[in-house]
Amino acid sequence: MKINREIPVRQRNIVLIGFMGVGKTTIGQLVAKKLYRDFIDVDQEIEKKYNMTIPEMFQQKGEAFFRQAEKDYIVDLCEHTQLKIVSLGGGAFKQEEIKRACLKHCTVLFLDLSWENWKQRLDILIENRPVLHNRTLDEMKELFEERREIYSLHNSRVETDHLEAEEVANYIVDTLKLGWDLYSK
């Protein structure tokens, strides 16, 4: 059954986008708890569906296979659900169909982090991020800047530099509630 997508703004899925390692999953879980909504990490759901990790999928089936699975899952989620907090993988928003579906049916929040602060997280990120493997720091910065441009289409940008996940989640919840109050009158 397809949901009528002319739903009130407060019932839309909240989609978190941003570069890998910015904290989409951690912050998304906190926001979901505070708003009493279900949390969906797209990468984790794809891993469950195919019974393999994203790095294994890249290695065994290729990036194209993963990107197709990602697109199918996200577009369906946007078109057929509501009241979810959704964390997209860092590269998902590169796909136009995903971007269109998210912007049409959901509220999209860009979690932004400076290159300098992201670089400090690199040691804990690199192992499980196949797209970073075999890249120099300059190539990673180029990817970071390229993706940042892709994330420029969003409903709201949330600066995360020097903030704890809890602080970011509280800011998001407060901002959403204010917006919902304004749009429901």
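For all residues, glycine too, the Cβ spot is worked out from N, Cα and C.
Taken residue by residue with DSSP, G21 (ATP binding site) is part of neither helix nor strand, so it is coil. Annotation source Swiss-Prot lists ATP binding site at G21, V22, G23, K24, T25, T26, R129.
What Swiss-Prot records for T25 is Mg(2+) binding site. Other C-beta atoms found within 10 angstroms of the C-beta of T25 (ATP binding site) number 18, with every protein chain shown included.
Counting only same-chain residues at least 6 apart in sequence, those with a Cβ under 8 Å from the Cβ of R147 (substrate binding site) are F19, G90, G91, F93, K94. What Swiss-Prot records for D43, R67, G90, R147 is substrate binding site, and it gives sequence analysis as the kind of evidence.
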Notebook entry, point to check: Looking only at DSSP and grouping its letters into three states, which state does D43 (substrate binding site) belong to?
Noted result: helix
Checklist line | Euclidean distance between Cα atoms of R67 (substrate binding site) and R129 (ATP binding site), Å | finding: 14
Checklist line | CB-centroid shell, 8 A cutoff, substrate site D43, R67, G90, R147, site residues removed | finding: M20, E70, L88, G89, G91, A92, F93, K94, V131
